[in-house]
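The structure under discussion appears below in the form of C-alpha cells.
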Ligand SMILES: NC(=O)CC[C@H](N)C(=O)O
C-alpha cells in the first residue's frame with residue numbers, strides 16, 4: 001500500500017515524513033501516472049490558489065477529481081482542506097477545487113484576525129488527548145451538509161471533518177511531530193484498500 005502526497009506546491013516533505021513515521025510507504029505525486037499508483041493521497045498545506053492553478057497546468061485537475069469521485073481516500077490539510085471543499089468563500093474567482101466534502105470552507109478565515117496561532121484541539125477518533133493544532137492563515141468550515149462528520153471544532157467553527165473517505169483539517173499536524181492524525185488517515189487508507 002502506498003500513499004501519495006500531492007507535490008505541486010506546499011509542505012510536501014513534512015507530510016512524506018509524517019506518513020512514513022505513521023508506518024506508510026509515502027511518495028510525491030506530480031503526474032497522472034504517479035496518481036494512478038497510489039492508494040490514498042494527502043493534499044498538503046500551502047497556497048490553494050497556486051495549487052489550483054498548477055493542477056490545471058499539469059493536467060491533474062480531472063484525474064484528481066476522478067480519483068476522489070471513485071472513492072480514493074484523501075486527506076487535505078489547510079490549503080488541502082480548501083481543495084477538497086465542494087464550495088469555497090473568499091477564494092479567487094477562477095479558483096478550482098476537487099470537491100469531495102459537502103461543505104463550504106472560508107479561505108484565510110482565521111488569518112484575518114490572527115495570521116498564525118497554535119491551540120489544543122480534540123479530534124474525534126484520535127486517542128490520547130488533544131493534538132497541537134498549528135493554524136497558518138487557516139481556513140475554517142463555514143457549513144457542512146448532512147453527510148459530513150465534524151471531528152473537531154475551534155471556537156464556533158469545525159476545523160476537522162470527514163465525509164466517507166475524505167478527511168480534512170484546517171491545521172497542520174505534519175508540523176508537530178505528533179503523527180496521530182496521519183495514523184488515522186493511514187488506517188482509513190488500509191480499510192479502503
Ligand atoms: N497554511 C496554509 O495552507 C494556508 C492556506 C492559504 N491561506 C490558502 O488559501 O490556500
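The backbone N, Cα and C atoms fix where each Cβ goes, and this holds for glycine too.
TrEMBL labels come from automatic prediction, so no person has curated them.
According to TrEMBL, the protein carries these features:
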{"type": "ACT_SITE", "residues": "78", "note": "active site, nucleophile"}
{"type": "ACT_SITE", "residues": "172", "note": "active site, charge relay system"}
{"type": "ACT_SITE", "residues": "174", "note": "active site, charge relay system"}
{"type": "BINDING", "residues": "46, 47, 48, 107, 136, 137", "note": "L-glutamine binding site"}
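Feature map: TrEMBL annotations on the structure.
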residue: 46; record: L-glutamine binding site; contacts (Cβ under 8 Å, 6+ apart): 9, 10, 11, 78, 79, 80
residue: 47; record: L-glutamine binding site; contacts (Cβ under 8 Å, 6+ apart): 9, 10, 79
residue: 48; record: L-glutamine binding site; contacts (Cβ under 8 Å, 6+ apart): 79, 80, 82, 83, 88, 91, 95, 97, 107
residue: 136; record: L-glutamine binding site; contacts (Cβ under 8 Å, 6+ apart): 45, 78, 111, 115, 116, 172
residue: 137; record: L-glutamine binding site; contacts (Cβ under 8 Å, 6+ apart): 78, 108, 110, 111, 115, 116
residue: 174; record: active site, charge relay system; contacts (Cβ under 8 Å, 6+ apart): 11, 14, 15, 17, 18, 44, 45, 77, 182
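Highest Cβ count within 10 Å among the recorded positions 107, 172: 172. Reduced to three states, the DSSP call for residue 136 (L-glutamine binding site) is strand. For the L-glutamine site, the Cβ centre of 46, 47, 48, 107, 136, 137 serves as reference, and the other residues of the chain with Cβ at most 8 Å from it are 45, 49, 78, 79, 82, 108, 138, 139. Max Cα-Cα distance over the annotated L-glutamine binders (46, 47, 48, 107, 136, 137) is 13 Å. In this structure, residue 47 (L-glutamine binding site) belongs to neither helix nor strand by DSSP; it is coil.
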